[in-house]
Amino acid sequence: MTATPLYRQDTIAAIATPPGRGGVGIIRLSGPASRDLAERILGHCPAPRHAHYGPFYDADAQVLDEGIALFFPGPHSFTGEDVLELQGHGGPVIMDLLLARCVALGARLARPGEFSERAFLNDKLDLAQAEAIADLIDASSRAAAENALRSLQGEFSTRVSALVDKLIELRMFVEAAIDFPEEEIDFLADGKVAAMLQGAQETLGEVRAAAGQGALMREGMNVVIAGRPNAGKSSLLNALTERDSAIVTDIEGTTRDVLREYIHIDGMPLHVIDTAGLRDTPDAIEKIGVARAWEEIEKADRVLLLVDATTTTQTDPMQLWPEFVARLPHPERLTLVRNKIDESGETEQSDLSTSPPIVRLSAKTGLGVDNLKEHLKAVMGFDATTEGRFSARRRHLDALDRAGDALDNGIAQLRGHGAGELLAEDLRDAQQALSEITGEFTADDLLGEIFGSFCIGK
C-alpha cells in the first residue's frame, strides 16, 4: 500500500446521519476538492480541526442553512484525504439541498462504506478495524459494542499481526535451511522450528477461541429447542422470552413450523428456535414441520433436548432416544432438559458435569429456568467481564481455520518427512490466510462485498 491518498481525482459526498428528521444533520465530504467546496459553500475554508459557525450558501449566494463546519486536511483525517463536514439542521429537505449543492460543485455521491474504504486503502485502518465500525453501529448489546470497540482500537489486528510475525520468522528459518543446506546448523533437525511451530499453533488456537466467542457475541448463538410432541417446547420458549411467543395447548402437534425469537440474557444475544415435535406422522403439513426442525437442529450452536420428566426417569439420551442422538452432527452441543419437574417431584438441581449436561426445570412455573440461562451463558463462554475480547465475523473464523489447517499440515510434514519445501509452502498458506483478516491479501470482490454492507456516509 501507499502512504499517499489513492483517490486524487474525485471527491465524494454523503449524508452521514440517519434518514428522517433530527436536530442535527451532517454532510460529509472527502477528496481533493473538499477545500474548494468549503470556500464556495462557506465563503472561506475553516481553520483545520476548528469548529466554525456560519451560513451555508447556495449558487446564488442565498443562505441555505447555517451551522457548524469542520475541515480536516489530509493525511491527518479519517480517510487520509481532505475531509469537510457540514453540520446543519437535520431536516430531510435541508440535507438534500446541501447535498445537491455539493454535487453541483463537482462532488459525486459516495457509495455505501466508501469513506471507510478510502480509510482502509490509505492505510488509516486495516480491514478488521473497518469492519468493526459497522459492528459497532449494529451492536445489539453493551458487550457486543465493547467487543467492536476493541476491534476498532486494534485488539484483534494486533493479535493477528503478532501471529503473522511469528510465521515470517518461522519461514526465515525454514527457507534458510532449504537455501543453505551446507551450513552446520540444521534448523529443521535441531527442534527449533518444531518448537516455534508448536508455539504458533497454540497461539493461533487461543486467537481462534477468542474470535469464536467474538463472532457468537456479534451474531448471537442459535439455540434450538427439540423434543417429542407435548414435551413443553413452546412453554420453554415463552419462559426464555418472558412473553407468550408461542401458542401452548395440550394438543399434540400444535407447533408445526419453526418459531424464532431474538433475546438477550444479561447482554448475551441468543436466537431461540422452537420446533415442531419430532415424530413419524401421516400429516403432510406436520411432516414439513419435522423436516424443518431437523434443518435447524443440524446447524444449531446448542440443542436443548426437552424431555417430559413425568414420563421417564432416564437421563441418558442414548437410552432415551438413540435415533435422535445418532442423527446429531455435533453431539457435544447437546443439553438434556428435563421439563415438568413441578409434576415429577424432582428438584431443580442441574448436573452440568455430565455428558451431556442435564438441566431440570419447569417451563410452566419458571422453576429452574434461571439455571438454564446460566448454563447457556457458560457454554457460550459469556461472563460479565469481556476483557481481552474483540468482535469477529464468520470470514475471520474461516481464515483462522485455514491458517490452522496449514499449520497442522506443516507439523505433519515436519514430523513425517522433515520436508522443508512443503513446510515452507504450508507456512506461506497460513500467513496469507491470516493476512486476509487485516486486508493485506484480500480480493477486490471481497472488499466490495464488505464495504457495500456499510451505511452510506461511513
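The backbone N, Cα and C atoms fix where each Cβ goes, and this holds for glycine too.
Residues or ranges marked as (6S)-5-formyl-5,6,7,8-tetrahydrofolate binding site by Swiss-Prot on the basis of sequence analysis: R28, E85, K124, K458. Reduced to three states, the DSSP call for R28 ((6S)-5-formyl-5,6,7,8-tetrahydrofolate binding site) is strand.
Among the features that Swiss-Prot reports, domain 'TrmE-type G' is placed at 220-381.
Positions annotated as GTP binding site by Swiss-Prot, on the basis of sequence analysis: 230-235, 249-255, 274-277. Counting every protein chain shown, the Cβ of A276 (GTP binding site) has 27 other Cβ atoms within 10 Å.
For N230, T249, I251, T254, the entry in Swiss-Prot reads K(+) binding site, with the evidence type sequence analysis. When Cβ atoms from all protein chains are considered, those within 10 Å of N230 (GTP binding site) total 17, not counting its own.
Taken from Swiss-Prot, the feature Mg(2+) binding site covers S234, T255, and the record attributes it to sequence analysis. In this structure, S234 (Mg(2+) binding site) is part of a helix by DSSP.
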Measure the Cβ-based neighbour count of S234 (Mg(2+) binding site), defined as the other Cβ atoms within 10 Å of its Cβ. 23
Using a 10 Å cut-off, grab the number of neighbouring Cβ atoms around the Cβ of K233 (GTP binding site), all chains included. 31
Which one is it: of the binding-site residues R28, E85, K124, S234, whose Cα lies the shortest distance from the Cα of A276 (GTP binding site)? S234
Relative to the Cβ position of R28 ((6S)-5-formyl-5,6,7,8-tetrahydrofolate binding site), how many further Cβ atoms are located within 10 Å? 25
